[in-house]
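*Asks:* From Swiss-Prot, for reference:
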type	residues	note
DOMAIN	3-136	domain 'Toprim'
BINDING	Glu9, Asp105	Mg(2+) binding site
SITE	His33	site 'Interaction with DNA'
DOMAIN	152-565	domain 'Topo IA-type catalytic'
SITE	Arg162	site 'Interaction with DNA'
SITE	Arg163	site 'Interaction with DNA'
SITE	Asp166	site 'Interaction with DNA'
SITE	Tyr171	site 'Interaction with DNA'
SITE	Trp178	site 'Interaction with DNA'
REGION	186-191	region 'Interaction with DNA'
ACT_SITE	Tyr313	active site, O-(5'-phospho-DNA)-tyrosine intermediate
SITE	Arg315	site 'Interaction with DNA'
ZN_FING	589-621	zinc finger
ZN_FING	649-676	zinc finger
ZN_FING	699-724	zinc finger
Amino acid sequence: MCKSLVIVESPVKAKTISKYLGKQYIVKSSVGHVRDLINNKSKNKKNIKKSNIKHNEKTALIQQMGINPYKNWKAEYHILPGKEKIISELKNIANKVHYIYLATDLDREGEAIAWHLKEVIGGNSLKFRRVVFNEITKKSIEKAFQNIGKINMNRVYSQQARRFMDRIVGYMISPLLWKKISRGLSAGRVQSAAVRLITDREYEIKNFIEREHWKISLSLLSKENKKVTMDITHYRNKTFLLNNKKEVNSTIEKIKNLSFIITDRKDKIFKKKPPAPLITSTLQQASNIDLGFSVKKTMFLAQKLYEQGYITYIRTDSYFLSNYAIEKVRSYIENFYGSDFLPKKSNIYSNQKYSQEAHEAIRPSDVQVVNIDNCDPDAKKLYKLIWNYFIASQMKSERYKSIKTTVMADVFKLQSNTKIVLFSGWTKILKKSNNVNFKFPVLDIGTTLILDKILPHQIFTKPPPRFSESSLVRELEKKGIGRPSTYATIITKIKEKGYLKIKKNKFYAAKIGEILITRLKKNFSDLVDYDFTARMEKNLDQVSDKLINWKHLLNSFFDNFSQQLEQAKKPPEEGGMELNTTVPTEIDCSLCNKKMGIKTAVTGVFLSCLGYNSEPNEKRCKNTINLISLNDLSTTKKEEKNFHLKNRCKKCNLVMDVYLINENLKIFICINNPSCNGYNLKKGIFKKSLNCSLKKIKCEKCKNDMLFKTGRFGNFFMCINDTCKNTRKILPNGEISEPKFEPIPFPDILCEKSNTWFVLREGISGIFFAANTFPKSRETRSPFVEELARFEYLLPKKLHYLASAPQRDNKGNKTIVCFNKLNKQQYIASKKEGKFTGWAAFFIDRKWCIVNK
């Protein structure tokens with residue numbers, strides 16, 4: 001018993017840390033969380049005693065949630081599926097060592113993982129040590145092991161309080177939403193406020209009424225034939241504003257014979273400070289804007305960079321930089337850019353209103369490493385972005401000259417503003433300056449200019465823009481909703497739930513999301529109240545700081561939520577939650593001649609036969625008609641705007657959503673549906689911008705027709721055969737995806753993290769191995785070529801070429817199957833010690849071509 005056990009969350013992190021620790025340390029990974037709250041699915045039914053006593057509703061709910069709010073928040077945990085082997089191994093090693101170092105991440109989640117590991121491993125509590133570090137470097141690791149501590153239980157309590165609240169809301173409100181609105185719905189303490197941001201913006205956009213106005217620019221010439229362009233800004237000392245073409249023509253008549261004299265010119269020198277080093281939220285925004293990465297992808301790549309020791313810890317909202325980091329970056333700037341770019345003192349940035357962590361900002365672990373090798377190309381781009389912001393944050397400000405020139409023509413004032421960059425400063429690294437070195441002619445005050453051209457411009461006011469991932473993150477941060485470390489999870493959840501649709505990287509609220517938020521505003525106002533959500537985050541932070549008792553906070557939240565829940569369960573006429581009713585229409589059902597009604601579900605808006613609910617189960621008519629939303633068609637902004645302008649509900653005067661029923665019929669539905677039953681039908685011949693929307697294709701499995709559908713993950717075709725239900729996705733370019741093969745069992749290839757075996761699946765990023773017990777075990781990996789070659793007889797014909805690929809590179813490293821997203825092509829690459837070697841092979845002209853980087 002001379003060695004010590006060190007436990008971290010990820011295998012990559014374990015591998016990196018083991019390089020800096022001596023042989024007396026055994027470094028192992030827990031592969032993330034090992035325990036979670038128990039639920040019905042995770043209970044071992046063999047251990048549940050049979051009873052004739054029917055559980056009452058409260059008891060059943062407690063069993064489902066795994067927590068008991070009526071008994072001082074007693075919680076029941078279970079080992080996560082697939083983690084049994086890992087826990088068994090950790091326990092075995094723990095019994096043979098003197099000390100156990102819990103080196104999980106330094107945030108609340110990491111603290112909770114450390115506590116769960118301690119509880120699961122058990123044994124003498126004096127053996128456990130807590131070590132934390134902000135970066136995975138030799139110096140940082142050595143310092144951490146010289147300053148060992150204990151698990152911070154206040155941080156654990158804060159994480160548990162957040163987890164318990166989320167579990168309460170999710171488990172207690174979902175049955176109500178399923179009953180009152182639609183199956184598959186859920187609400188969340190933070191996610192519902194995020195959905196409200198998108199639905200409120202959707203409402204603003206749809207009800208926006210544009211206003212026309214005009215501005216006039218003038219092209220002027222000096223006697224030396226020097227040309228300048230200026231805007232009319234004032235008329236009789238009032239802001240110049242024209243509302244229509246008539247006013248424009250009148251103004252042109254007034255100014256075309258006037259004299260234009262320069263009356264003022266002001267030159268000022270300004271400085272533009274560099275942006276702060278990146279924190280979690282600004283990393284997500286910058287990555288989305290500059291690199292086009294989703295928030296989820298950004299956090300995934302950043303986590304890998306941290307675990308490999310390239311950057312500091314990624315979950316932080318502090319702009320603080322250590323003295324060591326500042327000293328190194330200032331030295332780098334002076335050596336590589338010169339002393340002109342180095343400020344006399346380091347740049348200091350103040351933290352934000354809701355800042356809670358005392359960590360450093362995100363920065364490179366070693367500023368001398370400008371580019372990294374043996375990494376995913378996207379990870380390299382993200383590292384370079386982080387490096388650029390870090391360097392720029394400690395450089396001198398950009399200096400530029402602002403030139404403001406004023407010209408008078410009788411009662412008209414004209415102005416122009418020009419910026420000339422004098423010193424690039426930090427923009428040498430981050431080229432974010434929009435300043436243009438346009439030199440305004442040096443003309444003296446009193447100079448007379450000659451009118452050359454009159455340039456009128458028609459302008460329309462614009463509605464607020466739709467949220468992108470970056471702007472949604474910025475708004476969440478601004479309102480204090482959630483924490484930056486949770487933004488990726490929030491956005492992923494609301495995407496998966498079908499509360500929004502994404503078109504050209506912009507968020508469109510789905511109808512079911514609008515209905516959900518309308519109902520929550522009335523019956524669960526706290527869940528969608530921005531200020532309440534922000535205050536709760538602040539309270540959870542105070543739990544970490546031991547300023548608030550976590551159970552008192554939970555009791556207060558639970559009491560209030562329970563009262564709202566009981567009220568919402570009542571009938572609508574007694575103040576309960578409104579139902580998601582079907583709105584009758586005059587459209588006849590093609591199967592039973594009853595009328596069709598407008599129905600909204602998670603899958604979208606559609607027409608459903610009213611005979612479905614009016615008849616006994618065996619006689620129900622299940623006929624439905626899919627409605628194709630205007631937003632799902634490739635219409636122009638002008639077309640979309642015109643639809644909303646021209647069609648308003650005759651019952652409530654709100655705008656109407658437009659759907660295509662078929663090539664000869666459109667339906668306009670009030671945006672307040674189903675609360676308002678207003679709708680209009682329009683007959684005609686309608687051209688489709690989305691060419692495949694009404695296209696008929698045959699199912700490759702059963703040869704029946706496939707119909708266009710709209711779902712929470714986008715548009716697709718679905719087989720009309722109920723026993724088949726085959727689907728084909730519609731790609732962003734409008735094309736229909738190629739048919740995918742059925743999962744192929746590989747019982748001889750076993751999983752590493754669970755007692756099961758792999759199946760070969762085909763996804764949007766090519767083929768991959770996945771555990772056959774998915775979703776119980778979510779283990780996945782890329783297939784080795786030698787595995788495909790060994791079991792070639794199991795593969796469909798279209799994959800046989802992969803089995804013929806080189807099984808090893810020129811240095812003997814095994815090759816795996818990869819996917820090029822740009823070219824939508826499978827290729828072969830090799831790895832050594834978990835990193836790509838740069839060797840690759842592509843299948844071109846029916847043969848494998850090897851590429852060495």
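Note: Cβ is positioned from N, Cα and C throughout, glycine not excepted.
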*Asks:* Can you tell which of the recorded positions His33, Asp105, Tyr171 lies nearest to Tyr313 (active site, O-(5'-phospho-DNA)-tyrosine intermediate) in space, using Cα positions?
*Replies:* Asp105
*Asks:* Would you list, in sequence order, the recorded positions among Asp105, Arg163, Arg315 whose CA lies within 10 Å of the CA of His33 (site 'Interaction with DNA')?
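*Replies:* Matched recorded positions: none.
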*Asks:* Measuring Cα to Cα, how far is Glu9 (Mg(2+) binding site) from Tyr171 (site 'Interaction with DNA') in Å?
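*Replies:* So the alpha carbons of Glu9 (Mg(2+) binding site) and Tyr171 (site 'Interaction with DNA') sit roughly 28 Å from each other.
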*Asks:* When you scan the chain for residues with a C-beta under 8 Å from the zinc finger (649-676), skipping those not six or more beyond its ends, what do you find?
*Replies:* 203, 206-207, 511, 514-515, 518, 578, 580-583, 585, 587, 598, 600, 605, 607, 625, 627-630, 633, 643, 682-686, 688, 693-694
*Asks:* Given the recorded positions Tyr171, Trp178, Tyr313, which one has the fewest other C-beta atoms within 10 angstroms of its C-beta?
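*Replies:* So among Tyr171, Trp178, Tyr313, the recorded positions given, the one with the fewest Cβ atoms within 10 Å is Trp178.
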*Asks:* What is the three-state DSSP composition of the zinc finger (649-676), stated as helix, strand and coil residue counts?
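*Replies:* So the zinc finger (649-676) is made up of 0 helix, 14 strand, 14 coil.
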*Asks:* Taking a Cβ cut-off under 8 Å, which residues six or more beyond the ends of the region 'Interaction with DNA' (186-191) line up next to it in the same chain?
*Replies:* 165-166, 169-170, 173-174, 177, 481-482, 486, 490, 493-494, 497, 516, 520, 524, 527, 533, 536
*Asks:* Among all protein chains shown, how many Cβ atoms are found within 10 Å of the Cβ of Asp105 (Mg(2+) binding site), not counting that one?
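*Replies:* Other Cβ atoms found within 10 Å: 24.
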*Asks:* Please compute the mean pLDDT of the model over the region 'Interaction with DNA' (186-191).
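*Replies:* So the average pLDDT across the region 'Interaction with DNA' (186-191) works out to 91.
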*Asks:* When you scan the chain for residues with a C-beta under 8 Å from the zinc finger (589-621), skipping those not six or more beyond its ends, what do you find?
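*Replies:* Residues 182-185, 497-498, 510-512, 515, 580, 582-583, 627, 629, 657, 659, 661, 667, 669, 673-674, 679, 709-712.
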*Asks:* Please list, in sequence order, the residues in the chain of Asp166 (site 'Interaction with DNA') that are at least six apart in sequence and whose C-beta is under 8 Å away from its C-beta.
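*Replies:* Asp166 (site 'Interaction with DNA') has long-range Cβ partners Gly188, Arg189, Val190.
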*Asks:* Name the residues of the same chain, 6+ apart in sequence, whose Cβ is under 8 Å from the Cβ of Arg162 (site 'Interaction with DNA')?
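*Replies:* In sequence order, Arg108, Leu540 meet the Cβ cut-off.
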*Asks:* How many helix, strand and coil residues does the zinc finger (589-621) contain under DSSP?
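*Replies:* The composition, in the requested order, is 7 helix, 13 strand, 13 coil.
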*Asks:* State the count of C-beta atoms found within 10 angstroms of the C-beta of His33 (site 'Interaction with DNA'), not counting that atom itself.
*Replies:* 15
*Asks:* Tell me the Cα distance separating Asp105 (Mg(2+) binding site) from Arg315 (site 'Interaction with DNA'), rounded to the nearest angstrom.
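*Replies:* Here the two Cα atoms are 9 Å apart.
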*Asks:* Asp105 (Mg(2+) binding site) to Tyr171 (site 'Interaction with DNA'): how many Å between their Cα atoms?
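*Replies:* Approximately 29 Å lies between the Cα of Asp105 (Mg(2+) binding site) and that of Tyr171 (site 'Interaction with DNA').
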*Asks:* Quiz question: given the recorded sites Arg163, Arg315, which has the greatest number of C-beta atoms lying within 10 angstroms of its own C-beta?
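*Replies:* Answer by Cβ density within 10 Å: Arg315.
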*Asks:* Between the Cα atoms of Arg163 (site 'Interaction with DNA') and Tyr171 (site 'Interaction with DNA'), what distance do you get, rounded to the nearest Å?
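*Replies:* Approximately 12 Å lies between the Cα of Arg163 (site 'Interaction with DNA') and that of Tyr171 (site 'Interaction with DNA').
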